[in-house]
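Accompanying notes for the structure given below.
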Amino acid sequence: MDTQHQQSALKAAKVLMVGAGGIGCELLKTLALSGFEDIHIIDMDTIEVSNLNRQFLFRRSHVGQSKAKVARDAVLRFRPHINIRSYHANVKNPEFDADFFKQFDVILNGLDNLDARRHVNRLCLAADVPLVESGTTGFLGQVTVHVKGKTECYECQTKPAPKTYPVCTITSTPTKFVHCIVWAKDLLFAKLFGDKNQDNDLNVRSNNSASSSKETEDVFERAEDEDIEQYGRKIYDHVFGYNIETALSNEETWKNRRRPRPIYSKEVLPESLTQQNGSSQNSSVTDGDSMISVMPSLGLKNPQELWGLTQNSLVFIEALKLFFAKRKKEIGHLTFDKDDQLAVEFVTAAANIRAESFGIPLHSLFEAKGIAGNIVHAVATTNAIVAGLIVIEAIKVLKKDVDKYRMTYCLEHPSRKLLLMPVQPFEPNPSCYVCSKTPLVLEINTQKSKLRDLVDKIVKAKLGMNLPLIMHGASLLYEVGDDLDDIMVANYNANLEKHLSELPSPVVNGSILTVEDLQQELSCKINIKHREEFDEEKEPEGMVLSGWTQSPATNGESASTSNNENAIDATDSSSGPEIVTKKRRLSETKPENHKKEAENVESEEDDDLVEIENPMMVSKKKKRVE
C-alpha cells in the first residue's frame, strides 16, 4: 500500500472468501501477504489427490480433509499473527444468510458452479456488500466487480447455457463420443442409480421373443434374490444388445448411416467374473464412497490407458456390482458426480461400449472424465494471476475508488500486445429480475402442467431458489421450511400434483405469480402466458421462460430473450457466439453494439469459470482502459 493509513485499512477490513480450491489457495496466500488480517473462508469440499498439482497449500497427507481448514492452517504457519476462520460447509446453508454477509466489507468468490455463484450474488445484494467474482478456464480467466446500485450484478447478463443435443441423437443415432457420454451419464446411470420411476428411452421393448412384456418393462428392477452379476449382465444385454437390435429394425433410419452392432455380454465376457476377478466385496480400494474403484482388482492402473471392449465390459459389470455391494443405500438417490471415482468408471465403460457399437473411437478414463464433467483442466499460473487481480479489486472496493473498478480478462494469446485486458464495469441492467425486479414471462400450458413442473423446472432449476415460496395474489400455493406443520406440508404436497389451472387459486393466462426465497431475500414476479403446444424436440420441458423483459429499442438497442433449451446438456467447444443484452459502461452515455462468445464449463476443481468472453469481441465492444 502507498500510505500507512491505507495499510491500516487493510488490517481492519473483514473479508469473506467463498471457495478454497485452485483460485482459493492462491487468493488466501495473496490476501495474507498483502496485509489483510481478518479473513473468513467457506468451502464444503475435501482434498483429493487430483488437487495436489495446483492447490499448493495441500499435501498428500491432507487428502480427505477439509480444504478450508487445511488452507487456514497452512497460511497461519507463515502468518501466525492474523485471524483466519474456516467453515467446512456449503455456502447455501441457512446459517450463511444476509445477516452473516453483512459483517464483511467485501466478498471474494472462487467458486466452481453457477448455482453457488448466483446464491452468493443474491446474498451480497440483500446484505449490500460488494462482491468480487472470478474464474478461470485453462489459460483464460476474468475478475469482475459487483457493487449494488453502481455496477451490474452477477446475474444482470444471462449466462450461456451448456451445449445441448437433441434427445433423438443421444438415444438413437450418436455420432460423437460426447453423445455416448451423455447417454451413459444422464440416461443409463440416472436410470440405474437415480430415481427408478423416471421414464426414458432405455425402456424400449426387447425384441427377444422369450421375454414377456412384464419382464421387459421391469428390466431395470432387481429382484431381492437376484444375483448381482446376473442382474448386471441382464442390463448389459438389454441396453447394448436388445435395444440396438430394436433400433436396427427401423431400416429407414440406417439408409444413410452406419448401422450399429448389437453387443451381448456372452460375446465378450467369461461365464463367471467372480471366479476370474474375485468377490466384489474384496475388489475395491476404499477411502470414502467417492474413492471406491474397480480398477485395482482388474489390474488397470493408468487412467490415460485406452481400454478395449472386454476391459470396458469388465469395468461395467464390476462397477455395477460394487454399487450394489457397497453403496446400496444410495441407490435410488444418486446423481452423477465427476469426483465420484466409481461413477466415472461406470460411465466411461458404458460410453465406450456404446461407442464400440456405433463405430465411434473409444476414449480413456481420463478423457471421458473430462467430457462427463465438462472439464477444462486448470493452469496454476492463471489461478495465481486471477487471485492477484481479485486482491487488487478488493483494495479498490475498500478504498471506494469506484472510478477505478475494472473487469479484467486474462487472454490466452496477446491482443494489442496485452495478456491482461482491463475494461470499465457496466451499470446495472434495468431488465435484470434479480437486482432490478423486472418480471419474468413464462409460457406454459396451464391445463396440462402441474405446479411440481413449475417448481422443479423453473423455480429451482432456472431461478436457483433453494427455499421457494410461491403466491398467487393473496393465496399461498407452495412453501418449504422446517417450521411447517404436517397439515401445511400435506396441503402443499397436494398442490404440487395439481394442474396450474386446478389449484385453489387457479393459475391461468395473465396470472402473475410472486416467487420468493427467504434465505436469499429474493423476490420476483412471473407473468404467466398460456400456450397450447410446444415443440417436443426444441422445447421438451413444455415451457419457455423469458429471462429478460423486452425493452423498447433505443439507439438501435434491443433486449435479448431466453433461448430454448434441449433436454440433455453437454459442453462442446464448438459452440458459437451468443447475442446478449446490450450493456453500458458506467462512463458511457451511448451503448455500443456487441456480441458475446462464451463457453459454459465446469472445471474439475474450485475455479471454474461459467462465463468467458471472447477477448477480440471484448476489444470491439468495450473501450480498453489505457
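Positions of Cβ are set from backbone N, Cα and C atoms, glycine also.
Where the annotation comes from TrEMBL, it is an automatic prediction and has not been curated.
Features reported for this protein in TrEMBL:
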type	residues	note
DOMAIN	5-432	domain 'THIF-type NAD/FAD binding fold'
BINDING	CYS153, CYS156, CYS432, CYS435	Zn(2+) binding site
REGION	200-223	region 'Disordered'
REGION	267-288	region 'Disordered'
REGION	533-626	region 'Disordered'
COMPBIAS	586-599	compositional bias 'Basic and acidic residues'
COMPBIAS	600-611	compositional bias 'Acidic residues'
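Positions of the features from TrEMBL, shown on the structure.
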residue : record              : Cβ neighbours (10 Å)
CYS153  : Zn(2+) binding site : 23
CYS156  : Zn(2+) binding site : 23
CYS432  : Zn(2+) binding site : 21
CYS435  : Zn(2+) binding site : 22
Cβ within 8 Å of the mean position of the Cβ atoms of CYS153, CYS156, CYS432, CYS435: remaining residues of the chain near Zn(2+): LEU125, GLU152, TYR154, GLU155, PRO428, ASN429, VAL434, SER436
